[in-house]
Every structure is written in structure tokens, then in C-alpha cells.
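Only one structure is covered here, and it is reproduced in the block below.
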Amino acid sequence: MESLKQKILSEGIVLSDQVLKVDAFLNHQIDPALMQQIGHEFAQRFAGQGITKIVTIEASGIAPAVMAGLELGIPVIFARKFQSLTLKDDLLISKVFSFTKQTESTIAISARHLTAADKVLVIDDFLANGHAAKALIDLIQQAGAQVAGIGIVIEKSFQEGRNLLESEGYRVESLARVAALENGQVRFLD
């Protein structure tokens, strides 16, 4: 997606050969026009798949997921990284390791929002090692629902996430595929 790549080049900051900071438009401050384009792109890529729900993880996956949900006309569920007073009964629970934060979190979704009849699109802001996507897939499978595909805003193609997910038969659609982060520069795969 060319507009996303241009935004990464103009506003993204390479912090290391492993970390790309995109808080100017994606995971702190949000560019609504870009999110609308991202939602439209995901909707086009997954059109006609019979998708009934989108699942993401708080917080950075919410904006692109909501825009895709708006385009597809379906609800969005976000997994919470901690339990709250209102999210405590009949939960689907998994664990996820954050590459950026280097910590493990417990994530949860209320089981009443996801059923075996659902066909689910997973959307997240980044794909690195695939841990977040795998944790979301685990929640979806606990509900007996089907994973229709995985939509990623920015993929770090030099890490193993895509290979892990595709080796298990999942369709992965990434809007920007980063081949390398080197010398303060972003190099795209395609």
C-alpha cells in the first residue's frame, strides 16, 4: 500500500535494526485518513470471504481493525491485555509475548462475543515473530470459530512471523512489508 509506505518513510523512526517507531500515525497519534485507507484495503483484500467478525489486540490494532470493520460492515472485538471489573466471566484466555516491550501478557475476550459460527479476520498493527497473531488465533480456536485470514499493517519480513503463520496454513496479508531496518533507513520488500 503505497500511501502507508510513504507515511512510514516520512514519519517512521528507525530505533534499531529490529524496531520501527510509528507513533506519529499508528500507535500513539492516529492518522484517521490513513486508517480509513487501511480499512478499505483490508476490506478489499478479504472481500467475499464470509467474514463475520474482526479480532485484534489492544491498543494499537484497534484503529485499523475498526476501520476494516466499518468497511466490511461487521463487529470488531479487541482482546484486552488485562482483566477489568467488567471482563471477568466466561473468558477465552491466552498469553502473548510482546517483542517491543519484551514482556508476556495475558489477553482475554468474552466468550459471548465469539461463537463457532464465526469466521474471523485477525488484524494487528505489526507482525514480527507472530506471537500476538498466534495468541489471537488461540482465542478464536477456543471459541470453535474459524480463522479466515490475518491482516497486518506493517510486517517485519526479516523476522519469522509470516513463515510461522503460513506454515500453519493461515493466509497473511500485509500492507507494508519491511525487508530491513538498517542505518536508520527502512527498506521495503516489495
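First residue shown is number 1, and so on along the chain.
A Cβ is built for glycine as well, from the same backbone N, Cα and C atoms used for every other residue.
Taken verbatim from Swiss-Prot:
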- Leu20, Asn27, Lys156: xanthine binding site (BINDING)
- Ala128, Asn129, Gly130, His131, Ala132: 5-phospho-alpha-D-ribose 1-diphosphate binding site (BINDING)
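Positions of the features from Swiss-Prot, shown on the structure.
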| residue | record | DSSP class |
| --- | --- | --- |
| Leu20 | xanthine binding site | strand |
| Asn27 | xanthine binding site | coil |
| Ala128 | 5-phospho-alpha-D-ribose 1-diphosphate binding site | coil |
| Lys156 | xanthine binding site | strand |
Among Asn27, Ala128, His131, which are binding-site residues, the residue with the most C-beta atoms within 10 angstroms of its C-beta: Ala128
Of the binding-site residues listed as Leu20, Asn27, Lys156, the one whose CA lies nearest the CA of Gly130 (5-phospho-alpha-D-ribose 1-diphosphate binding site): Lys156
Spatially closest candidate among Ala128, Asn129, His131, Ala132, the listed binding-site residues, to Leu20 (xanthine binding site) (Cα to Cα): Ala128
Spatially closest candidate among Ala128, Asn129, His131, Ala132, the listed binding-site residues, to Lys156 (xanthine binding site) (Cα to Cα): Ala128
